[in-house]
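Here is what TrEMBL says about this protein:
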type     : residues : note
TRANSMEM : 42-61    : transmembrane segment
TRANSMEM : 90-111   : transmembrane segment
TRANSMEM : 117-135  : transmembrane segment
TRANSMEM : 147-168  : transmembrane segment
TRANSMEM : 188-210  : transmembrane segment
TRANSMEM : 222-243  : transmembrane segment
TRANSMEM : 263-290  : transmembrane segment
TRANSMEM : 302-320  : transmembrane segment
TRANSMEM : 326-343  : transmembrane segment
Amino acid sequence: MIQKQHLSVTTIACSLIGTVVGAGFATGQEIFRFFTVFGKPGLLGIIMATIFFGYFSWLIMHFSQRIKAKNHYDLIAYIMGRKLGRLIDGLLTISFISVLIVMAAGAGAVFNDLFGLPPVAGSLVMLSLTFFTVVSGQNNVIKAISIVVPFMLAAVLGVSVFTFALNSTGISNLSLIQTGSLGATKSWITSSVLYVSYNIILALAILSSLGRLSTDQKKNALGATFGCLGLGAGILAINFALVCTFPQTAGHQVPMLYLASRIHFLIPWGYGIIILLEIYTTAVSILYGFTLRLSTDKASRVAYSFLACAIAVLLARYGFSESVVIYYPLIGWAGIVFLFCLVGKHVKILFQKDS
């Protein structure tokens, strides 16, 4: 187990970033759908999302430390009550498997594009790494995520800044983009809130572990602050890169990979590795949350990890992963319910202190 004093602000911030960003972050597709398509209002959405990420991440760590939560279900039950908590916990557990299937399929697709290998080979390699990371314990889970994050941010910022420098006049597109119909929702406010809610609830296992392992509330607050600023900077950089090259990027499934190819023919290969690293951090945090909820000892953790990875390989191979689009809105709305209850609990405690 990680010693409490070893959780630095940097570790907390990087763990926050690594668990929140998924494969859709580095590809640019998530940012395009949730923010870019709204033009200027999308910038307000990014600012709002950045603030929410910091606030909710800190609250989750704060309450997890306060109640000494053994896993994220303890936190959910504390915030929402046992009955509603069981419902959200059940949905979240199913969602963990669904997202793991998507990560397996995504890894297979990237391996196929980069190396010409069968997709199942990429899925097996990614899930094998994920399996061994998770069964080795939470120490290695958090270390692995925090180590990968600086490379991801450097690549994202590098491609984005370079693209913006070459196409800076395209910033005027902010006033021209009115393609909200292509967005995740029709409203920039709803899109911003949903983006935060589904990312936060999927990161719940890691965030609650961070809170439990650190008793230093000041470090938690600083970690959440720097983490959300890092996320905000990454989202903003990708957004400006996509805005400046609009509408060319609108037709690409992986817009950031397209922008990378315009810089140098070798860059897409390196950026593909970055996408794989993002898939890895997401898969690790998801599998960790799944096994932490169900396992009672190391043997059961190994068994549940193996079972989840086996299911993910089999279903990703047959294209089942596409059905997970049904779960993402559910995850987002379930996340909104949880975050609403989280704020309610915080406000209640604040009023109790004042009275």
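The backbone N, Cα and C atoms fix where each Cβ goes, and this holds for glycine too.
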At a C-beta cut-off of under 8 Å, are there same-chain residues at least 6 beyond the transmembrane segment (302-320) that contact it? List them, or none.
96-97, 100-105, 108, 119-120, 123-124, 127-128, 130-131, 134-135, 287, 290-291, 294-295
Can you name the far-off residues of the same chain, 6+ from the ends of the transmembrane segment (147-168), with a Cβ under 8 Å from a Cβ of it?
14-15, 17-18, 21, 25-26, 230, 233-234, 237-238, 240-241, 244-245, 256, 259-260, 262-263, 267, 270-271, 274, 277-278, 280-281
Excluding the flanking five residues on each side, which residues at least 6 beyond the ends of the transmembrane segment (188-210) place their CB within less than 8 Å of a CB in that stretch?
7, 12, 15-16, 19-22, 30, 33-35, 38, 41-42, 44-46, 48-49, 52-53, 56-57, 60-61, 64, 69, 71-72, 74-76, 92, 95-96, 99, 138, 141-142, 145, 180, 220, 223, 285-286, 288-290, 292-293, 328-329, 331-336, 338-339
Hey, which of 42-61, 90-111, 117-135, 222-243 has the most Cβ-Cβ pairs under 8 Å against the transmembrane segment (263-290)?
90-111
Does the chain bring the transmembrane segment (42-61) near the transmembrane segment (117-135), so that three or more CB pairs sit under 8 Å (pairs 6 or more apart in sequence)?
no
